[in-house]
There are 2 protein chains.
Amino acid sequence: ALYNCTIMNLDYDNIENQLFLEEERRMSYLGFRCLEISRWVVCGWIGFLTGLIACFIDIAVEELAGFKYQVVKENIEKFTEVGGLSISLLLWAVLNAAIVMVGAIIVAYFEPIAAGSGIPQIKCYLNGIKIPRVVRLKTLVVKVCGVICSVVGGLAVGKEGPMIHSGAVVAAGVSQGRSTSLKKDFKIFEYFRRDTEKRDFVSAGAAAGVSAAFGAPVGGVLFSLEEGASFWNQMLTWRIFFASMISTFTLNFFLSIYHKNTGDLSSPGLINFGRFEGDSVAYNLYEIPLFILMGAIGGLLGALFNILNYWLTIFRIRYVHRPCLQVMEAMLVAAVTATVSFTMIYFSNDCQPLGPEHAEEYPLQLFCADGEYNSMATAFFNTPERSVRSLFHNQAGTYNPLTLGLFTLTYFFLACWTYGLAVSAGVFIPSLLIGAAWGRLFGILLAYITPNSVSKWADPGKYALIGAAAQLGGIVRMTLSLTVIMVEATGNVTYGFPIMLVLMTAKIVGDYIVEGLYDIHIKLQSVPFLHWEAPATSHWLTAREVMSSPVTCLNRIEKVGTIVDTLSNTSTKHNGFPVVVQPAKLCGLILRSQLIVLLKHKVFVELARSRLTHRKLQLKDFRDAYPRFPPIQSIHVSQDERECMMDLTEFMNPTPYTVPQETSLPRVFKLFRALGLRHLVVVDDENRVVGLVTRKDLARYHLGKHGLEELQLAQT
Amino acid sequence: ALYNCTIMNLDYDNIENQLFLEEERRMSYLGFRCLEISRWVVCGWIGFLTGLIACFIDIAVEELAGFKYQVVKENIEKFTEVGGLSISLLLWAVLNAAIVMVGAIIVAYFEPIAAGSGIPQIKCYLNGIKIPRVVRLKTLVVKVCGVICSVVGGLAVGKEGPMIHSGAVVAAGVSQGRSTSLKKDFKIFEYFRRDTEKRDFVSAGAAAGVSAAFGAPVGGVLFSLEEGASFWNQMLTWRIFFASMISTFTLNFFLSIYHKNTGDLSSPGLINFGRFEGDSVAYNLYEIPLFILMGAIGGLLGALFNILNYWLTIFRIRYVHRPCLQVMEAMLVAAVTATVSFTMIYFSNDCQPLGPEHAEEYPLQLFCADGEYNSMATAFFNTPERSVRSLFHNQAGTYNPLTLGLFTLTYFFLACWTYGLAVSAGVFIPSLLIGAAWGRLFGILLAYITPNSVSKWADPGKYALIGAAAQLGGIVRMTLSLTVIMVEATGNVTYGFPIMLVLMTAKIVGDYIVEGLYDIHIKLQSVPFLHWEAPATSHWLTAREVMSSPVTCLNRIEKVGTIVDTLSNTSTKHNGFPVVVQPAKLCGLILRSQLIVLLKHKVFVELARSRLTHRKLQLKDFRDAYPRFPPIQSIHVSQDERECMMDLTEFMNPTPYTVPQETSLPRVFKLFRALGLRHLVVVDDENRVVGLVTRKDLARYHLGKHGLEELQLAQT
C-alpha cells in the first residue's frame with residue numbers, strides 16, 4: 001500500500017545480448033581473475049565500513065545515553081530526599097520526547113523508508129523486489145542518525161536490526177563505485193553495475209550487518225542465504241562470510257580501542273550476551289520438556305505481539321499517515337515510555353544489596369536503604385542491551401518475581417506499540433528483553449516449586465536465555481540463522497540443541513496462529529514476495545492460467561513510434577517485451593530500460609550511416625544509466641524520428657527462458673525462483689508467444705485457510 | 001576409471017507426467033501436511049540412527065584399541081628391563097597387521113566402494129552422480145566394521161570421514177521405507193521413492209554424519225549445502241539441521257551413559273578438541289600475520305600431500321588392483337606404521353615428568369626415569385584423536401621440538417601412504433594431527449626467538465590448533481563448512497576469525513599448485529562432476545556446440561519393436577528420449593527407466609481393450625521398481641508384441657525444459673545446475689528437437705592452464 005506506484009523488480013538473469021557476449025568473449029582469463037579479486041576487495045570494504053558504522057552507532061549511543069542517564073539520575077537523587085520527584089519525571093519524559101522528536105522528524109520528513117528495522121525491506125530486496133530509495137546513501141545517513149536518537153531517547157527498541165539495512169546500503173554503494181546522490185563516479189567496478197552483481201553484494205552487506213550487530217559472522221551468512229539466496233554458490237558464500245568476518249573484526253577492534261584495551265578481541269558485536277561459562281551452562285535431559293514448553297509460550301506471546309502490531313499498523317496506515325502526526329505519535333510513545341518506567345520504578349520496592357561486583361551502570365537508590373539499589377531500575381533505567389545482559393547474568397535472587405512479571409507486561413505493550421513508529425529501530429532487542437524477563441521469572445518459579453536438590457540446576461540466567469530465544473523466535477520466526485545467531489552471541493555451542501528446539505516449537509506454535517512480524521509487514525505493503533515453493537496444492541494451475549495475456553510484443557525491427565507509444569502506454573505494465581519475427585515467433589526479449597537507453601541515444605537504422613562517425617552504442621552506456629533509468633516522458637522524439645526504424649537484434653536477449661503453456665504452476669515457479677527471473681515467456685508448440693509470466697503472476701497464489709487463494713498485489 | 005560402466009545420473013527434476021499430476025491434484029492440503037510431517041520424522045530417524053552408529057564405532061574403537069594398547073604396553077614394560085624389545089615390536093606389528101587385514105579383506109573382497117572416507121562418493125552423489133552401490137546397506141555394514149578395524153589397527157586414519165558416508169547410507173535407507181538388500185518393504189514413505197526426495201534426505205544424512213563426527217551440527221548443514229545444494233530451500237535446510245542436531249544429541253547422550261555420567265551433554269562429537277578457555281585463547285592483532293604465514297605453510301604442505309597421493313593413486317590404479325594385493329598393501333602399511341612408531345619411540349629421549357593431571361591414557365615409561373614418560377609415545381602410542389587433543393592442550397614444554405619435527409615428518413608420509421588403501425578410513429584426523437604437530441612446533445620456536453614478555457602469548461596449544469586448521473584446509477580445501485566445523489569442535493567462537501584467515505590462505509596457496517584431495521580423487525574416477533559455474537571463458541560456446549546430436553527421438557505413439565531396439569542399442573548412451581510428433585516437433589521427454597517399466601507391464605495400445613479388466617498402470621508401479629530398474633535384456637517381448645504400439649502420452653513429461661541452439665554455455669549450465677537436470681532438450685526456433693544436453697556434455701569443459709580444455713569422461 002505504501003510504495004505501490006513505483007515498485008520495481010530486480011533482474012537476476014543476465015541479459016545475454018550480443019554486446020554482453022562480445023564483452024565476455026573479449027575478456028581474457030586474467031580479466032576474470034581481476035574481476036574475482038575486485039569482488040573480494042569490495043567485500044572487504046563492505047565489511048570494514050559496516051563495522052565502522054556499527055562502531056560509530058555504538059559509541060554515540062553509549063556516550064549520549066550515558067550522559068542522559070547521568071543527568072536524570074542526579075536529578076532523581078536530588079529530588080528523592082527533598083520530594084517533588086514529579087519534576088524528575090518531567091525532565092526524563094521531556095528529554096526522551098525531544099531526542100525522539102529529532103529522530104522521528106528526519107525519518108518522517110526526509111526518508112520515510114528509513115523507518116523501522118529495514119529488515120522487511122532487505123528481505124524484499126533479496127527476494128527480488130526493489131523498493132525505491134531503499135539502498136541510497138541518504139537512507140543510510142537518516143537510518144544511522146535515527147537509530148541513535150531512538151535508542152538514546154529511551155524507546156523500547158534495539159540498534160541491531162537497522163545494522164542489517166545499513167550494511168546493505170553500504171554494499172550497494174561500494175559495489176557500484178559511485179554515488180548518484182553525491183553525483184560522484186569513481187569509474188571503478190563498472191562491471192558490477194547490474195542487478196545480478198549488485199544483489200550478491202547486497203547479500204554480503206546484509207550479512208556484514210548481522211555480523212556486526214550480533215558478533216555472529218556465520219549467523220550473518222545464514223541470514224543472507226535464508227532470506228535471499230535462491231542459488232547457492234560456494235565462492236559467493238565464502239565471500240559473504242569474508243565480509244561478515246571483516247565486519248565483526250573491525251567493530252571489535254575499534255571498540256577495543258574505545259574501551260581502552262586495544263587488541264582484546266572479545267566483544268565482537270553490538271549486543272553481547274556475555275559469557276555463559278562454568279557449571280551453570282550445562283543442562284539436563286529432563287529440562288528439555290521445560291524448554292519445549294517455554295518455546296510454546298514464546299510462540300503464543302509472539303503471535304499475540306504480531307496480532308496486536310498488525311492491528312496497530314492497519315490503524316496507522318489509515319489514520320497516522322501525515323508526517324507531523326507520525327512525529328507526534330513517536331514523541332507520545334517516548335513520553336509514555338518514560339512515565340511508565342518511572343512509575344514502575346517508583347512503586348517498586350524490590351531493593352537489592354549493591355554488591356561489589358555489580359554490573360549495573362546507573363544503580364538508582366531511590367527509596368532503598370543505603371548500599372542497596374532499586375532492582376526495577378536495572379531493567380528500566382538502562383539501555384536495553386545492558387538490561388538483557390543483567391537478566392542473563394545477574395545472580396539468582398537479584399530480581400524478585402513481581403518485578404519481572406510487571407516488567408514483562410509493560411515492556412511487551414511498549415515494544416508492541418513502538419514497532420512501526422516512524423523511527424529507525426529494531427525489534428530484536430525488545431523481543432529478547434521481554435523473553436529474558438519472563439524466562440527468568442519461569443526459572444525462579446521453577447526453583448520455588450521444585451525440591452531443593454533440583455533447584456540447583458534451575459539457574460535463572462539459563463532460563464532467561466531460553467525465554468529470550470523463545471520470544472524472539474515467536475515474533476520473527478526465523479529458523480536456522482536465528483539459532484546460529486543466538487549460539488554465536490552466547491559464544492558457547494552447548495546451548496545449540498535447546499535453542500533449536502525452542503525456536504522450532506515457537507515457530508510451529510506461532511505459525512499456527514499468525515505469520516511472522518516481518519512477513520506481516522511485507523504483506524501489508526502488498527509486494528509480490530515469492531516464497532520458497534509454490535503452494536503445495538497448486539498443481540491444478542498451468543502457465544496458461546497464471547500468465548498475463550495478451551502481451552505486447554515488438555518486432556525485431558520496429559518503428560520508433562510504436563516503441564515510444566508502447567512505453568508511454570500506462571496500461572502496459574510490463575518491463576520486458578518479447579521480440580518476435582512474423583508470425584509471432586519468439587526471437588528475443590528486451591527490457592523497458594534498454595529501450596529507453598536506445599531511444600535516448602537515438603539508435604535508429606536510418607541514422608546508421610551517419611553513425612559511422614558516431615561511436616557504436618556500448619554496454620557502458622547501459623551501465624552508466626543503471627540503475628536510475630529516465631522515464632519515457634523525459635525523452636524527446638520528434639515526429640520525423642517516429643517514422644524511423646530501430647533494430648533490436650543486437651540488444652535483445654536472444655535466448656530468454658521459455659515454458660510451454662501446459663507447464664504446471666509449481667514447475668514454472670521453480671524455474672522462476674531458482675534462476676531469479678523477472679520475465680518468463682510462455683510459448684505454444686510452434687514457439688509463438690502466447691503470454692508472459694512475471695513475479696506478480698506467481699506471487700498472488702497463496703495457501704489460505706480455504707485452500708488456494710489469490711491475493712491483491714500492488715502494481716509492478 | 002573405476003566405475004566406468006555403470007555410472008548413472010540422478011534426476012532432480014520431477015517427472016511431471018499425467019500420472020504424477022493426477023496424484024498431486026488428488027492430494028488434499030492435509031495430505032501435503034502429512035507428507036511434511038513424515039519428512040520430519042524421517043529426518044529425526046536419520047539423525048538418531050547416525051548418532052547410534054557413531055556411538056557404536058566410538059565405543060568399539062575405545063574398547064578394542066584400549067585392549068590392544070594395554071597388551072602391547074604390558075609387553076613393552078616386561079621387555080624393557082629384560083631386553084629384547086624386538087619381540088614387543090613384532091607383537092605390535094603383527095597385531096596391527098592382523099586387525100587391518102580383517103578390515104581390508106571385507107572392503108577389498110565384499111564392497112570396494114566402502115574404501116576410503118566416502119566423502120568423494122558422497123560429493124558425487126549430492127552433485128547428481130550415482131555411483132553404484134554407494135548407498136546400500138551392505139556398504140554401510142562393511143564401512144562400519146572396516147573403519148573400526150583401520151583405527152584399532154593403528155593406521156594413520158580417522159573415523160570421522162566415514163561417518164559422513166554412513167549417515168548418507170542411513171538416510172537413503174530410512175527414507176525409502178524398505179531395504180532391497182534385505183528384501184523387506186515396510187510400505188511406508190512410498191512417496192519419497194524418487195531421486196528428488198531421496199537426494200534431500202541423503203543431504204540430511206551427510207549433515208548428520210558430519211554432526212556426529214565433529215559435534216558440529218551447523219558445520220554439517222553447511223557441508224551438505226556446500227557440496228550438494230543447488231537450490232536452497234528454507235524448510236529443507238531446517239530439516240537438515242534438525243537431523244544434525246538429533247544426531248549429535250544422540251551420540252552425546254549415549255556416550256554420556258557409556259562414560260558413566262549420564263546426562264552430561266558436553267562431548268557432542270567423535271572428535272572433541274577439548275575446551276579452549278581462559279586467557280590463553282585470546283589472540284592479538286600482531287599474531288594475525290603469523291597465522292596467515294601458517295596458512296601458507298599449510299597450503300604448501302597440503303599441496304605436497306595431494307601431489308604425492310595423486311602419484312600413489314595412479315600407481316595403485318595401474319598395479320594394485322587385485323583384491324589380494326590390496327589386502328597385502330594394507331597389511332604392509334599397518335606393519336610399517338607400527339615399526340616406524342616403535343623406532344621413533346625407541347630412539348626418542350624426550351622424557352617428561354608424569355604430572356598428576358596428565359591426560360595420557362597409556363603413558364609409556366620405556367627408558368625414562370621413574371615418574372617420567374616418553375613424550376614421543378603420547379603422539380604415536382595412542383588413538384589419533386587423543387594425540388590431537390594432547391597436542392592442543394598439554395602444557396607448554398610437554399613436547400620438545402625435535403619430537404614434534406620427527407613426528408610431523410613421519411606421520412606426513414604415513415598418512416599420505418595410507419589414504420587410498422583398501423580400508424575404510426578418513427583423512428581428517430591425520431591431517432589435523434600433522435598440522436597440530438607442526439603448529440605446536442611453530443609455537444615453540446616462536447617462543448624461543450621472541451623476547452620473554454611476548455612469549456607469554458605464544459601458547460603452543462593455540463598454534464597447534466591454527467596449524468591443524470591450516471593443514472586440513474591445505475589438503476581438503478573446504479571453505480565455510482570447515483571453518484564452522486573447526487569452530488564448533490573447539491566450542492569457542494573466538495577463533496573464528498583466525499581460522500577463517502588460515503583456511504582462506506591455505507586454499508589460495510594450495511589451489512595455485514594442485515586441486516583438493518577429494519577433487520583429485522573425483523577426477524581420477526573421471527565422473528561428470530559439475531562445478532558451481534561454467535568456466536569463466538566459456539561464453540564462446542553455445543548449446544549447438546556442446547549438445548549431443550543427432551539424438552534418438554521416439555514418436556508419441558511408437559512401435560514396441562522400435563522402443564525395444566532403441567533401448568537394446570548399446571550405442572544409444574542416453575537415458576532420456578525426446579518424444580516428438582511429426583515433423584520432429586518436441587512434445588515431451590521420457591526416461592529409459594520409464595520405458596522399461598512400461599514394457600514390463602506391457603502397456604500396449606492393442607491390449608487396452610483387455611486392460612479394462614486389468615488395472616491401469618499407476619505411479620506406484622514406477623515407485624516399486626525404483627531405484628533398481630531391470631535391464632532391457634531381462635524383459636521378454638515376443639515377435640507379435642513387437643508389432644504393437646505404445647502410447648507414451650500419459651507417461652512422458654510433457655513440459656521438459658528446453659533451450660534454443662544459440663544459448664551460451666554459461667546460460668545452459670546455470671539452468672542445468674540450478675534445477676538439477678539430467679536432460680535438457682535443445683530446440684530450433686520451430687520447436688523441433690536438434691540435440692540433447694546431458695551432464696557429461698557440460699562437465700567436460702574445464703579451465704586448464706592453457707585456457708578452456710575438454711576432459712575425457714567416463715561413459716554415462
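Even glycines carry a Cβ here, placed using N, Cα and C.
Keep in mind it's a predicted model, so treat the numbers as computed, not measured.
What TrEMBL records for this protein:
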TRANSMEM  A:37-61  transmembrane segment
TRANSMEM  A:82-110  transmembrane segment
TRANSMEM  A:201-224  transmembrane segment
TRANSMEM  A:236-258  transmembrane segment
TRANSMEM  A:288-312  transmembrane segment
TRANSMEM  A:324-347  transmembrane segment
TRANSMEM  A:402-422  transmembrane segment
TRANSMEM  A:428-451  transmembrane segment
TRANSMEM  A:463-487  transmembrane segment
TRANSMEM  A:493-514  transmembrane segment
DOMAIN    A:652-710  domain 'CBS'
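The DSSP breakdown of the domain 'CBS' (A:652-710) into helical (H, G, I), extended (E, B) and coil residues amounts to 16 helix, 25 strand, 18 coil.
With pairs at least 6 apart in sequence, the transmembrane segment (A:493-514) and the transmembrane segment (A:201-224) have fewer than 3 Cβ pairs within the 8 Å limit; the two do not touch. Counting Cβ pairs under 8 Å that are 6 or more residues apart, the transmembrane segment (A:324-347) and the transmembrane segment (A:82-110) reach 3 or more and are in contact.
Counted over residue pairs 6 or more apart, the CB atoms of the transmembrane segment (A:463-487) and the transmembrane segment (A:236-258) come under 8 Å in fewer than three pairs, which marks the two as apart. When pLDDT values are averaged over the domain 'CBS' (A:652-710), the model yields 87. Counting same-chain residues at least six beyond the ends of the transmembrane segment (A:82-110), those with a Cβ under 8 angstroms from any Cβ of the stretch are 64, 68, 71-72, 75-76, 138, 142, 145-150, 152-155, 323-324, 326-327, 330-335, 337-339, 341-342, 346, 421-424.
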